[in-house]
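Written below as structure tokens is the structure these notes are about.
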């Protein structure tokens, strides 16, 4: 009886609560909160690669993974030409090549890229064995290779793909899977000679690739540490403040200063002093590199700082070597502050801010609505302590440079004015009549055996006009035409595909004639 009364009472209370609903109090911020939640949901969907309305259950969207792309014949041909130029340049500087696994032990990569870089490493799913991650760059695997094989002296290059969980912007060559081309010098050498080699390669290679105007920013870790010290910034805050300073190439000083004050708790006095130093190039744009370093050395506090003095003297030696080499694209930039999780000396970065001027993507925007730019196309520096992270007894000083080949490719693709050939075919063998497929094949075999790149139509009786059109579309320089009468006379017609001029050549002189004609083109 008691239980029945209690149940009825509880039901009456619930009914009353549902009938008389409490008045909703709307906060002024509720609308903003809803917008923030919607924006967050949209950001998560974008991160997951979703676009538009959600797909129906079970429907498969055929596409490449976010931050990756396919390369068709034209793009592959252009990229291969870039890689060939890179390889030839590296070989000219006496480098050997190595290859390392696409994935490394997770412990090899962790702790080498700082807090932000570490978040971008792709971890592989644990299969009950070793914990593995995809390589983030080629430098740390190279240091692991040196330590593991007890190598103390090598000049090496490596061209391979790396992987980063970055926010991709395809139109400016920013991907999650991309090629890096690294050149490094490991070993005990005299001051700044390896750095001069690395910067010489950057200058030579970017000039050859014709990406437009570029310059190479140059700084030194010790100079940065000296500037921070005289600004009253504790050594423990070095890396976190450097991450703010490094934004000066894209962000006004006022915004960077507010970030350091509001988020990193520097005082106005500290940021004021630091701002004068890191913007020294901007405030003294009429001075050359040596003059700029000399003027900074004359500042009362900075000129007496031991770290600054050592870094400045080393850069002066490097700049003098570059002057001897005729490298004029290097620019001393006190605000350059990248890669400081393992760089110990000189640091440098090549940028091409006007590379996309006059191209179709010049005024385009990325997915976040920001203007599309290319960013750095090469970067590097000295990293004397990286090998020691793997072997405490190893003392292998290193310096090097890494080229972002996808960014260079994006520039060249945007600037490309002439269609690039997708094959290397030199000769196309055509027939003017039917039933000559065997004779065409004999000619193709003869030419290929002589080392001449040759094609023919893979049809028994192709039309002559169709064969000529194919050769013209593929920009094959020469065509060899055979007919019944030519075969009886032991001759062929050698045709210039561009000019359409033809000459009759004896069959036993064909190889020599083809080689001479190709050499004259």
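The backbone N, Cα and C atoms fix where each Cβ goes, glycine too.
Keep in mind that what you see is a predicted model, and the values were worked out from it rather than measured.
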Out of 106, 164, 165, 331, which does Swiss-Prot tie to the same L-histidine site as 137, 138, 139, 180, 184, 338, 342, 343?
164
What are the sequence-distant neighbours of residue 338 (L-histidine binding site), meaning same chain, six or more residues apart, C-beta distance under 8 angstroms?
246, 347, 349, 379
Give me the non-local Cβ neighbours of residue 343 (L-histidine binding site): same chain, 6+ apart in sequence, Cβ-Cβ under 8 Å, ordered along the sequence.
221, 381, 382, 383
Given the binding-site residues 139, 180, which one has the fewest other C-beta atoms within 10 angstroms of its C-beta?
180
Tell me the Cβ neighbour count for residue 137 (L-histidine binding site), meaning other Cβ atoms within 10 Å of its Cβ, over all protein chains shown.
20
